[in-house]
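Since the structure comes first, as structure tokens, the remarks are kept for the end.
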């Protein structure tokens, strides 16, 4: 077999992992975020000032926010079920240190702090969990697209061939989910009246970079004979095309139907698509081609996975629009967000129950078809991850109340209650100013240039695969390459952020 055939076989005919393992793995990113926040608060408690060194800030963010995830999906994957316990214990130890040292400096009772926490008001104009969710999906995607070509990345985490739940299968759906959370239909203020098709016109203009990137990726892959997993999207199709057409189709539907009923559209699309798969020959065509021998004759036959899975991704996008609209409802207090956490947790449980029924009576999860089970799985696990990020943010807000004046980048700002005549305390004013200021934070840096980060990761993945025999790499070499690759990507974003440069050509 040629090197190209070896690499294609290496990422083909896989069956994914268990839902439990993926659910456990989802807790790692929020725990890393919590750990970073607690370390910054502890630093402030010891030195009386935030971490100011740009170099130290970048190194801390990379070592705490990125490196543990990279290790968890490679050499530490055999102990993935223990990793959350280790991280949680480390976070508990830091919190205990903060609380014990703070207790020596003040006599304010814990009960008073808890009461103050529940009555705290948060900046209503910024929900950090949305930013963190989108950034982490990008980071995990960047890690996986290169790590999957190394033997240290477990085959069960890679994309499943037909049925199964791989980590990378979830990543594709999560990317759609994250994009929908900040789409124009969600960001548009209710009080602002705009022409009905204004968002559609905006999406027409905004998708051309995705179409261009899709064409560029197609031409580059074909020209260098880069290895491809044909059953992923087809011969000519790729994820850039999927993202572009899903955004356009969703804008068209939401220009006709009320956007506050997007969940009904999502359910209708997903259920109808599943019924057609089960009652017609569409499923057989999708899996085996028109001749039944996995033929790739003609554009539709050659790209059937990419074209037909658009219906499933459209359903995920529409459901995510509904989630985004719900999140932006006025919920500015800690008490309000604690109630929202309870609603999100119940939604996750209900969706997982529906997933169980769908897998038992309709079809198992299939990223290749983007069927009903896949849609339910993606939405349930994305909501689970988002819920964990919100819980992390609230925990950091509570810890900041223990250590007055401390701040954490990409964490909620504490603000004065609405219609309050009280003057804020100096500590509260200080927290507000620090958190709204320009922080040199890796999360903010990637968030500013997310598409560039994704594009850079794809280009560097291709370069590494062309230059390195990834399949036969030893663990030490693989980890070195992966860390250098991720650090370079993060460093570029960090430099652009420090110079306040946003690379946007549309």
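We count from 1, first residue shown onward.
Cβ atoms here come from the backbone N, Cα and C positions, even for glycine.
Annotations in TrEMBL come from automatic prediction, not curation.
Checked against TrEMBL, the range among 100-119, 200-219 recorded as transmembrane segment is 200-219. Within the set 239-257, 258-276, the record from TrEMBL flags 239-257 under the feature transmembrane segment. Take the transmembrane segment (62-95) and the stretches 22-42, 160-180, 307-328, 369-391, 451-468: counting Cβ pairs under 8 Å, 22-42 has the most. Beyond the ends of the transmembrane segment (451-468), by six or more residues, the same chain brings 7, 138, 141-142, 145-146, 149, 209, 213, 217, 220, 224, 226-227, 481, 485, 488-489, 492-493, 496, 503 to within a C-beta distance below 8 angstroms of the stretch.
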